[in-house]
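See structure below.
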Amino acid sequence: MIGIFILTFFTSAYNIGYIGNSGEQLKYIEESFHLYSEHSKFNQYENLLKISDSALKDLSLIIDGSGSEISEFQSTEFANINKIPVLILAPGENSEFVFYLDNSYDCSISAIKNALDYFKMTELGVVWSYSQTNKKMVDSLKKIWNKSLISASISNLESTKEIAKVYGKMFKSEGIQDFIFLGDRNICQKLSKAFESSYLAKQGNIAIFINECIYQVNITGAFLLSKAGVVNSENITEYNFNMIKPYFSIFQNPELSPYQIVRMFKKNINPCSFDIVNIQNNTKIIVGKADNNDFNIIDTAIYFGGKNESTRYSKPHIVISANTGFLNPPGYSNVYQNAKYQEGTYFAVEKVNKDRYYFPKYDFILYDKVDCGVSVFDANYSKSCFLKHAPYMGYAYIPTINSMTAAVLKQLAALKIHIPFVGGVGSANTLSNKTTFPTFTRITSSSDYFATAWSKIISIYGWSNLMIFYTNDTYGISIYENMKKESLVQGFNILNQEDERMINPISNSSQLPFYYNSMNHAIDTGCNLMFLAMSDPSPFFWIEGLYDIKVRRGDLVIIFFSISGLDALNSTGANYTKRSELMHGSFFIYNAAWVGDYGEFLKKEYLEYSQKTWARSFFVDAVLTIANSISFLLNQGRFYENITEFMSAQRNIRMEGCTGIISFDHMSNDRNLYYFNLYNFYQDEEEVWHSDAIGLISPVSEIYYTMFNDPVFAQGEIPKDMKENYMDCPFRESKIQDSKTGEGIKIVVSIILLIIATIITFYVSKKVKHTKIIPLNVVCQASFQDYLTLGFTIVESIQLIAIGPNFVAFNRFLNNVSEIISLNLSKAVTFRNTTFWVIFYSMLFSTYVWLIILVLTGLRFFGFYKIACKRLEKFKVLSIPILSNYLFIPVTVCILSILACDKATGSDLTDTYLNYDCNIKCWRNKHLVYVVLACFLIITYIPMAILYRTLWQEDTNGLNIIANSKFLVVKSIVFVVTIVIAKTIKESNPLPYSIVFAIIMLGLLIYTIYIKLPFNYDRANYILKIMYTCVVWNTFICILNNSIEIISYPWLILQLAGWVIIILIGIFLISKLPPNMIIVKRGRKISELFKFAFGNGIYRQSTYDATRIIE
């Protein structure tokens, strides 16, 4: 048994011939072979010719490791002649007795070609390390691949960084998505690391590594095409072993003849077979098989980007992202302005793809799903949202228009999410800090510059005072602090109280009542300029609050610092009526938009996309700067995916955008100073809103401000910074409000006085004996008292016209004359302040003196002072027709005017002021004294005036024209009633008052006709009726004027024509009356006096006789 075993042991040994000079290779082959045939013997030969015939007989296998093509040719010929198997350690195609360790070039190329077809590759990048083998494969691939192919040999490059730069310049700049890597030894590891560091291992790309790369590549999503059986190789040794193992493993069988070895080689070894290996989570997985005829993935493969299916793009994608939405965290109102302005983002992305100027080989993609809040930052909501979207946000992000950007930047930094932010807008001062926010740049300038610009505009317009309110956030605080600093430099004053300037951000109108007092206090300063240093949407809700406290168009000039502009008119939760009332004539300074020829060109192009251009230009430029920076990096072979590289390119950019030349300050995140526009928001006559740039501000130019158009102010012209007080009052017109309480007191007191005076008048009139009126039938000579009576009829009518409806609109002159004659103080402009008090004191004093004289003369206190008593009696007789007739209406009107307190500057009764002197506060102190004196005077004066008017005509000698006593009483009471009504409703309700007055005057006219004899003198009766008819006609014209809106001339013509007709008819009727019973003593004409003086005696005698007859 032992003998048999020994025999078997020794006979299983083989003699192997090795051709080559590498002792190291020989040693490795020998060790590998001994794993299967431990006692086999290796003989090394320099070449085939060195093998002797005797040695050849003992050889079972020849291994050619020379690597020489000549040697390969010789080996093939030698094997066929000597019928001995030859294994060549090189790629090649097997023949009868010749076998190659690796697949042939044609086999490999066919398999690669099948792979390219399987993945539908169109543009191919081939990376290879230089060797004759790889060169042949590349050349063969170029011959059979009829599509775009770019190849790069990286044999001379040692570092991964250098290789990555080649990738950048040769492949990324050309938009290559598909890659074949032909490497050997350790070069594949560098190739794969460079592939990762150049950010090519991303969704849409495919990379296939060939042969020896099997043990060097570890990129999830990569594919390897390797000879079957080598997938588990972890290093070069294992790879070589696994390559040669299928051949050497045969020799574990003993006593194989050369023919048997050949048959087993052919049976067990597929000459063109590949494993399709996929890297999945750092593990090599065989997912399919390939050969020269087929490439088929049968198991699940993982591609770059982590998906289990291939995502193929016609062009590679460069992805950026933006929050283009309107959603806020749950529980908060949505804000739509951001979505409107981000239309510029969409436009710019489309333009980049259309023009292909920046990316001829790429598609520029906008990821617009980042709905993580627009104006409200909720930390938890924002965190979960950004963690969800971060993988898809691409290589730059355009934030919202609102002031939450700083908080988002800080949160993303804490979450280790690093992505450049390029703000289309966003002017908060804190964002300027490059150290705090190293990944941020913005197209607009810091709000500091806007505040500085406003400080200079304030000076240009000649203003020196303003009010300011600001939000308690980084945006508002930075503007306010800068405005305070500028106020010290420029010398303007901030007038509203400092502790009331800061407000919390306002997101709905329910927050406004808390700030009404602050608003009112600011308005009380009298300043016309209100600066709202607030982040959106606070300033627009704020002006709704101003509307709530009765601020109206023209009361203030509003200055905004929020980009929202006219879009805020219809934003979420907006009250259009309130906002439109106060936004007219408002202003805003911001970076200039659509600047220069290129800006105008882009604006025209944008108008084909959308008709609304406000603020869109800044987002257009945000996209264009990103595209410019990425394009620059691509062309330089640098990587825009690297945030450091991107920020360096972005900060060093200099380009022309639609907002002008764009470059960035290296010390901050701000854009370098360029141009600002002064924008004016206003509504034209057709109620169309405008947001015109009316001025250009050039901070770095010699000419700081250039005006394009005149500004539109709600006030109609450039207002002063401080409101002027109303007339000479200690308050402004805007403070004036109607006082229902004051008006009510005026009406009630007036009615009470009227009732009391009427009762006393009727009581007193009953105590007086009234003489029955008998028509005058005796010729009498007219006396002075008769002239007073007739004259009063005319003056009284003029006074009635003044009390009646106002007709200043069409006959200012006659209206003012009647007002003056009647001392009608309803016209506050005519009778105010000193004029009012002179008239009031005169009426008050003279009337009280008259009443005292009446009392003294009636009680006969001057018993022994007969001379004084006679003088008082004489004065009383002379004063009665003046004070009881001519001044009856003026005194009543004037004294009742002290009750005219229906206007106020506040809500309290004591905030009312006298209509005729706004410096006098009503219902307190001195005014109450005047009211008491006036009330007492009205109660006593009206009855006494009516009484003594009757007594005067009864007791006066020489008075021929006597009035009906009852008529005098009724007429006087009617006048008082009319005066009271005029004082209550004339100014506030002109048309109703005109109708009431017309009814009263028609009634009075009818009454005069009814009683037939208001006077005992027929011509006086006609004159009275003529004058009352004129008053009624004037009232009728006033009613028409208040009812029909036409030009004033027709009413003036009708008024004057009616009066003329009435007077002419009256004169005609008077001319038809019987002979006049009152004659006027006729004087002598000058011609007669001359005849009397120089004529003969007969003429003088006749003249004397005629005079005696007349007398």
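Keep in mind that glycine also has a Cβ here, set from the backbone N, Cα and C atoms.
Feature annotations, courtesy of TrEMBL:
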DOMAIN    346-498  domain 'Receptor ligand binding region'
TRANSMEM  747-766  transmembrane segment
TRANSMEM  787-814  transmembrane segment
TRANSMEM  834-856  transmembrane segment
TRANSMEM  877-900  transmembrane segment
TRANSMEM  928-948  transmembrane segment
TRANSMEM  968-985  transmembrane segment
TRANSMEM  991-1010  transmembrane segment
TRANSMEM  1022-1044  transmembrane segment
TRANSMEM  1050-1071  transmembrane segment
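Against the transmembrane segment (747-766), the recorded stretches 834-856, 877-900, 928-948, 968-985, 1050-1071 differ in Cβ pairs under 8 Å, and the greatest number is found for 928-948.
By the count of Cβ pairs under 8 Å, the stretch nearest in packing to the transmembrane segment (928-948) among 877-900, 968-985, 1022-1044 is 877-900. Note on the transmembrane segment (991-1010): residues 800, 803-805, 967, 970-971, 974, 977-978, 981-982, 985, 1021, 1024-1025, 1028-1029, 1031-1032, 1035-1036, 1038-1039, 1042-1043 of its chain, located 6 or more positions outside it, place their CB under 8 angstroms from a CB of the stretch. Under the criterion of 3 or more C-beta pairs below 8 Å, with sequence separation of 6 or more, the transmembrane segment (968-985) and the transmembrane segment (1022-1044) do not qualify as touching, having fewer than 3 such pairs.
If you look at the transmembrane segment (877-900), the same-chain residues 6 or more away from its ends with a CB under 8 A from one of its CBs are 745-746, 749-750, 753, 785, 788-789, 792, 795-796, 799-800, 803, 822-826, 836, 839-840, 843-844, 846-847, 850, 853, 914-916, 927, 930-931, 934, 937-938, 941-942, 944-946, 948-949, 951-952, 956, 972, 975-976, 979-980, 983. Each residue in the domain 'Receptor ligand binding region' (346-498) has a pLDDT score, and their mean in this model is 92. If you look at the transmembrane segment (1022-1044), the same-chain residues 6 or more away from its ends with a CB under 8 A from one of its CBs are 790, 793-794, 796-797, 800-801, 804-807, 809-810, 990-991, 994-995, 997-998, 1001-1002, 1004-1005, 1008-1009, 1014-1015, 1051, 1054-1055, 1058-1059, 1062-1063, 1066, 1069-1070, 1073.
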